[in-house]
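Straight from TrEMBL, the features:
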type: DOMAIN; residues: A:77-266; note: domain 'ABC transmembrane type-1'
type: TRANSMEM; residues: A:16-35; note: transmembrane segment
type: TRANSMEM; residues: A:81-101; note: transmembrane segment
type: TRANSMEM; residues: A:113-135; note: transmembrane segment
type: TRANSMEM; residues: A:141-161; note: transmembrane segment
type: TRANSMEM; residues: A:200-221; note: transmembrane segment
type: TRANSMEM; residues: A:241-266; note: transmembrane segment
Amino acid sequence: MSRKNQIGGHDRRPGLWVYGILIAVLLGSAFPIWWSFLIGSQDAAAINKNGMMWVPGGNFIANAATVIDSIPFWTALLNSIIVSTSVAISVVAFSTLAGYAFAKLKFRGREGLLIFVIATMAVPTQLGIVPLFIVMSRLGWTGSLWAVIAPGMVTAFGVFWMTQYLRDALPDELIEAVRMDGASMIRSFWHVGLPAARPAAAMLALFTFIGTWTNFFWPFIVLDPGNPTLPVALQQLQAAFYVDYSLVLAGVVLSIIPLILVFVFLGRQLVAGIMQGAVKG
Amino acid sequence: MTVAIKADARSIRRIAISHRLSRWDVRLSPYLYISPFFVLFGLVGLFPLLYTAWVSVHDWNLIGGQGDFVGVDNYVTVLSQPYFWTSLRNTFSIFLLSSVPQVLLAIGIAAFLDYNLRAKTLWRMGVLLPYVVAPVAVALIFSNMFGDRFGLINEILGGLGIDPIRWHVDIIPSHLAIATMVNFRWTGYNALIFLAAMQAVPRDYYEAAIIDGANRLRTFWSITIPLLRPVIIFVIITSTIGGLQIFDEPRMFDTAGQGGANRQWQTLTLYIYELGWGQRNFGRASAVAWLLFLIILVIAVLNFVITRRIAGSTERRIRTKGTR
């Protein structure tokens with residue numbers, strides 16, 4: 001379909017009012033973040049005395065320092081990095097392997113197993129927290145990062161995503177060709193499957209990373225206060241300073257900086273990933 | 001000569017072995033590749049979920065561990081607790097307040113993004129920004145803005161001459177505030193999903209309609225929306241599964257984290273947490289978890305049946321014709 005021969009307002013440049021509405025939407029999505037900086041940069045006394053204010057105060061650095069002193073901020077940051085990276089790598093590795101098999105290899109039970117994978121995407125595994133907690137205590141893993149990493153190591157969505165992608169992106173002839181040259185199954189996966197999977201794998205890694213980074217429920221249950229991830233540390237901050245919102249929101253600002261940076265550099269890929277997933281899924 | 005024959009036989013045997021190895025390679029490899037997923041998913045996903053049913057029919061303490069078999073006692077107790085029913089009500093109320101406006105708003109935003117805009121990517125990124133803010137952070141920001149006494153929202157309402165609303169006291173206002181957090185984070189994300197579907201609508205459909213004299217609004221209602229239906233249902237299903245398990249936002253809405261003094265905004269997942277880790281009663285917590293699982297299952301199946309009914313033909317048309 002060429003986009004050249006469109007008519008009927010779908011190719012004409014829209015009027016200014018369309019941009020006006022979109023600007024309003026953008027302000028809506030940016031405002032709360034701006035607001036947290038606005039409050040996070042005041043000192044508590046000023047908020048209580050003056051009420052509303054629209055100019056950032058000069059206290060952000062001081063507030064941030066207090067926050068870093070009062071919760072294990074650096075530990076939390078490091079933990080979030082470790083957990084999100086490990087989960088992303090693991091999900092991508094296992095999903096690519098399984099996706100390659102489902103998309104490109106013939107084996108008995110393939111269709112049935114794939115349907116099972118798709119069906120499990122709808123299963124709310126989060127509701128298994130009680131037994132999961134029992135298992136983790138038996139293993140002695142409560143409080144350790146393993147307890148957070150292990151349950152995230154595979155996702156049905158990841159397998160489905162890679163299967164969908166590889167089905168179209170990797171021509172069967174290519175696999176046959178390397179097989180004819182005498183490559184073993186794992187070699188042909190390594191030399192043909194993996195390179196073809198790279199774009200979708202990168203996307204999956206990105207979304208898994210963000211999903212794990214922002215996850216709260218299970219880490220909150222299983223981790224100790226002294227060894228939290230960032231969202232768990234934010235909860236501690238709220239418990240400690242609930243009367244002083246300048247500190248709480250300074251902590252919020254600190255905690256969202258890493259993903260905002262990810263967004264600045266990879267936001268374009270995020271948009272593309274969501275839109276691809278929508279068409280395929 | 002005999003030596004040569006022997007050597008031949010050996011090499012034939014070697015080829016035979018490598019053939020047999022290769023056949024096993026072909027046969028076993030696929031199962032080897034999918035097994036990590038199934039093994040791990042079974043261990044950390046499926047097993048805990050099913051084992052929840054086992055825990056739910058026992059006396060089971062967080063510290064003391066497994067006790068006697070009690071049959072349906074935990075269910076009977078839980079179902080007679082007022083907090084179970086308020087949690088159920090709150091869960092559905094918050095879910096409706098977040099999903100319905102969110103889908104409508106997302107479709108609206110997608111329709112504007114579907115215009116032939118300058119700097120397309122910039123606008124698309126803009127609506128996605130809230131997605132990278134963790135729910136816990138979103139909840140803290142909005143809890144401040146929805147403050148009962150000095151909150152931004154009440155200040156603005158005051159400026160308009162409206163009395164302050166007790167967001168952290170009254171039931172519906174608290175649900176509205178929590179739903180706003182959910183909507184803030186997910187509307188843009190869903191708008192991009194709808195946008196992708198809109199762009200997959202073959203443009204000649206619009207041409208034909210315009211030749212027949214339809215305007216933009218009319219083509220939106222008569223072409224875009226019907227073709228969008230499968231995607232709308234997809235978004236509704238995923239937000240149902242997630243929305244009914246909502247925890248982060250109501251947990252962070254105040255410091256106590258129990259869903260309010262009278263459990264005005266306690267959701268079922270918060271209730272599970274209170275039973276399991278507050279009262280240390282794993283049996284009852286599991287009973288509620290299992291009930292919530294069944295509720296989600298029923299709704300998912302209903303959704304699925306409806307999807308099948310309505311979407312079938314439309315979906316196929318989008319799939320075969322549409323590219324980006």
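Keep in mind that glycine also has a Cβ here, set from the backbone N, Cα and C atoms.
By the Cβ criterion (distance under 8 Å, sequence gap of 6 or more), the transmembrane segment (A:81-101) is not counted as touching the transmembrane segment (A:241-266), fewer than 3 such pairs being found. By number of Cβ pairs under 8 Å, the transmembrane segment (A:141-161) is matched best by A:200-221 from the list A:16-35, A:200-221, A:241-266. Within the chain carrying the transmembrane segment (A:16-35), a Cβ under 8 angstroms from the stretch's Cβ atoms is held by residues 249, 256, 260, all 6 or more beyond its ends.
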